[in-house]
Structures are given as C-alpha cells and as structure tokens.
Amino acid sequence: MTAPSQVLKIRRPDDWHLHLRDGDMLKTVVPYTSEIYGRAIVMPNLAPPVTTVEAAVAYRQRILHAVPAGHDFTPLMTCYLTDSLDPNELERGFNEGVFTAAKLYPANATTNSSHGVTSVDAIMPVLERMEKIGMPLLVHGEVTHADIDIFDREARFIESVMEPLRQRLTALKVVFEHITTKDAADYVRDGNERLAATITPQHLMFNRNHMLVGGVRPHLYCLPILKRNIHQQALRELVASGFNRVFLGTDSAPHARHRKESSCGCAGCFNAPTALGSYATVFEEMNALQHFEAFCSVNGPQFYGLPVNDTFIELVREEHQVAESIALTDDTLVPFLAGETVRWSVKQ
C-alpha cells in the first residue's frame, strides 16, 4: 500500500528571470513555462539583442504565438541596455507598457552579452532616467575583468559596481539577479526596500562539488557559476527565513545538447520543466514550506508593484522520473535533473 500523496496548493507563481530564445527553440520551450506560470520576465539577450520598443513588441508576439491554447500567460518584456541606448526610447517603452524593466549585462559576462555595458558611467543618463520614472534595473552582477577569478566575480561586483551605483542613484529599484554567494545574500538582506534578488533552483540545490567531483557535469554549468557549499547554504537560509525581497527567478536557459556537451560548452540550465518542484524540495528540506508561496507568487509582484495572480496551482509530493531529453527539430534538449527521480511536481 502506498502512502497518500501530499498536495501543496499555492497562488499561481511567476518567473522573474527567464530565457525563451527564438525560432524553433522558443516554440519548444514556451509551453513548459506557460502551463505553470502566470507571468515571466523575459530576458532580451537575443542576437541581435532587444534594444527597441519595436523589437520588444515583435518578440512578445512571437512568444504569444507559441503559447498553447488554454494557457493564460503574460510575457513581461525587458530592454537590453547598451552604451548607445537612447533614454527616450527606454522611457517610451516603459510608458507604453512594453518594457517592464531593463537589463544590465556587463559586456561578455554571459550568453549573447557582447553588446553589453562597458561601464556604468557609459549608461548613467539611462540609469538616471530609470530612477526618475521608477523603472526597475535588472542586474547580472559579475565583473568581467580577465584578472578576476570566476568564483570571485559576484562578490567583486558588489563592492566595485553595485554599491557605488546604489549610493549614487538612491531611488533606483534594483533586482540583483540569480545571486550565488553569501556576499550577495547578506548584501540584499541588509539593503533597503529598493533592492531585491532572484535565486535559481540550481544554486539552491547544488554547489560546485556537484558539478566537478567525479566528472564534469555540463548540464549544471551556468553563469554565475555554482559556488562552494557555504554560499549555497547562505542562499538556502535566506529563502527559508521568509525574507520578502527574494523571489523565484529560474534563469531557465536552454541550449541544444550538442552545445552543452562540447569541448567548449555553453552556460545555462534548462530548468523550466522541473524548477517549481525543485524549489519545493528545497523549502521542504529547510522546514520552510510556509514561506514557499510567498517566494513563488507574492514577493515578486510586491516588489514590481503588480497584482498577484488570482488563480492557483497544486504541487503533488510523489516520486516521478524526469525525462532524459526533449526533442528539438534537429537535436535534443536536456532538462535540469534529467533522468533523476524527484519528489515534487506540478499536478496536471
């Protein structure tokens, strides 16, 4: 006789950091998000990046065309900041409801970020405009200097970029995305109400040992890179505390299998199919399920000044095996936790 399964009912969540790509990949991955989440902040790092209102409107339409009938999903678009971006274009997009936020990628920090910002000073007029109109700034918080160790790039970013920026523009709303270190967890926790953070499932579940000991696991390779276990533990403690300025952002970032399993593999975990159950597992392990709904469904809208979703979903606690792969037109996509047995999943 099997034990009765446990059901967890929560307000429909949102994903505050998501990569959907474009073309066939977009069509493949969108349904994995749209069946679960009400909204998602969509990253603009296409090639070429989304830097105009027209490009964002067109991209939003391509996303909506990929949403299956019966899914109620709203993509929230972002503008990719560049050294040459016109502040008026950004403000127009924000006022017209096209841009929800703008994304700062330090040049060459991650996938398709070669057009990114060379220095904060180069975009100060844009940032000043964002502060004035109340537009959130989303930050990939890593320095990219060649002499800075990859495991130190987030901590160094806080002291050399993030803190000086926030001291200069004190009213600017900032989301420190996909934080991975104790340094960042402490910084956000000790900050004011204009600073928030997202955390991915992989950074809560794993540390660099899981990626590197006993063989390299390319499907755990993402940026910012997994850190040592003391940092993982700090992130877990932050979410388990019920802190209300940290929220769900999967950073789901699909790449075809041959681009991950390569002599020079791409960074990114495609976790959209398994992320919500992964978060539930972490909260359960931390005896913090009472804070799970707020992390998934309340804290993000609260920071962005948006209403919470008015529908609900259920997760069920019963073991099931994650698919080994998902078909693409001419390759496959390997989901986060592929082939593994997981405890929680969204009830269909």
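Quick reminder: no glycine exception, Cβ is built from N, Cα and C everywhere.
The record from Swiss-Prot ties H19, L20, R21, H140, L223, H255, A267 to substrate, and of the options N45, N192, N287 it ties N45 to that site too. When K103, K227 are compared with the Zn(2+) 2 site residues H140, H178 in Swiss-Prot, the one appearing in that site is K103. Cross-referencing D186, D190, D251, D310 against the Zn(2+) 1 binding annotation in Swiss-Prot, which names H17, H19, K103, picks out D251. The two recorded residues, L20 (substrate binding site) and D251 (Zn(2+) 1 binding site), show a Cα separation of 10 Å. Proximity note: of the listed binding-site residues (H17, K103, H178, D251), K103, H178 have a CA within 10 Å of the CA of H140 (substrate binding site), given in sequence order. Checked against R21 (substrate binding site) by C-alpha proximity, the binding-site residues K103, H178, D251 yield D251 as the nearest. Distances between the Cα of A267 (substrate binding site) and those of the binding-site residues H17, H19, K103 are shortest for H19. If you check the binding-site residues H17, H19, K103, H178, D251 against N45 (substrate binding site), the ones with a Cα inside 10 Å of its Cα are H19, K103. Taking Cβ-Cβ distances under 8 Å and a sequence separation of 6 or more, the neighbours of K103 (Zn(2+) 1 binding site) in its chain are M43, P44, N45, T78, C79, Y80, L81, L138, V139, H140. Annotation for D251 (Zn(2+) 1 binding site): same-chain Cβ neighbours under 8 Å, separated by at least 6 residues, are H17, L18, H19, E177, H178, T198, T200, C222, G268, C269, N271.
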